[in-house]
């Protein structure tokens, strides 16, 4: 269906305050801001992604269909015999054809054992930790702009641009910035400062994780670290192994350049490694180095990351040991990954490069929201058949077939009912939503398009307000918020949704193994949870 170009934009009037200089000094000024919206991604769902989702479902659900059929056939055969006839038949068969009975029993035991041993082991999340920096690294929005002014690196136009972005970003006044950015007017993007920040956040999160779980570093068999921008040699995973003196046969991996969605990619990699190495613990560390990527130039599209990204790190302990069933918090249900890198616009929408002055930074395309919406559309279309109730799947699929094959949406352009697609109710599939806290604008568009409530988006908005955009670790700060609020009950399903450069959109679905009570310590929200949800006016 063709999309009206005007529907892709939204306009708002912004009060810019009283003009301090120029011919309009002393006058109240306004500006009109035009933004590109997320596309109405359910207007043009591609059937091949629905098919892919059903393909996943069939692959994992074949036993659910075959076992009931076998039971029906067996019941029909046995139901025609009385109890006496049944025992007589069994005894006679066992007496006159003992070899056949033993052979059949052996085949049954072998088949059952083979199935039991070959099926994927469940992946359990034992616990996780989120690093909370010291209060001396805490900065308000006004302080951030003042620090930028004092550094002498930005002209007045760049400072004014950053101020407008920060004040409307949804970020609060208690986020954290590295010491190198706060106290130095020199270049902060050095290997020394990067290693110092990495050591602080990674070791802080891991110390907390090992204390919470009682696991020794030498017990860990798999280590996966993801950090998009800072990738030194030796690697960040090697830094961790050296610091904790981990065992020599540990399987370690370091993921770089994969953006804010890399946390779910790291979990997916750890899952695959655990499946081929049963009986192990895996630790996944997700972080980003803010100081190392602090942009010092004047290119406005490259100043945007300065306004949003803040310090943060998460450490997650996974296990596929069956004896950990009783102590685990969550069980991994599904991971669905979407990559749009084959498209040039998607590939370049978040792009690291130097500006005209040779300052390194991340350039954010004005098409980011549109491209992110396309990736999200693909991802949730594939995820839908795995998680939605059958009734929702049936209605959605029937509507989709009608619109694509019979032109159901083209009959009357003036009729809202004929053009509006059926949007699946994802609130029936999940109790909790952890949407990557990228920015207020992105969260607004996601809430609108997925028809989520303010309660569904609470954890994401509060995480953005309290900690800012902590990149790939933000979805874990959101889950920590839910635990601090005692919202997670046994059997609840949690949807973690993240997106990042490439362009990628990834989903992870977890099921709670038990009711999670409010932690008494080691939670980044404990010192402020009573103040949330905060008013974000």
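Counting begins at 1 with the first residue displayed.
Cβ atoms are placed via backbone N, Cα and C, with glycine included.
Record note: among 14-34, 35-55, 56-76, 56-76 is the stretch given as transmembrane segment by TrEMBL.
The transmembrane segment annotation in TrEMBL falls on one of the ranges 96-117, 118-139, namely 96-117. Summarising the environment of residue 339 (active site), the number of other Cβ atoms within 10 Å of its Cβ, over all protein chains shown, is 18.
For the domain 'FAE' (115-404), the model's average pLDDT works out to 91. Within 10 Å of residue 469 (active site), judged by CA to CA distance, lie the following active-site residues from the set 260, 339, 432, 436: 260, 436. A distance of 13 Å separates the Cα atom of residue 260 (active site) from that of residue 339 (active site). Around residue 465 (active site), a 10 Å sphere centred on its CB holds 22 further CB atoms from the protein chains shown. Residue counts for the domain 'Beta-ketoacyl-[acyl-carrier-protein] synthase III C-terminal' (431-511) by DSSP state, with H, G and I taken as helix and E and B as strand, are 39 helix, 21 strand, 21 coil.
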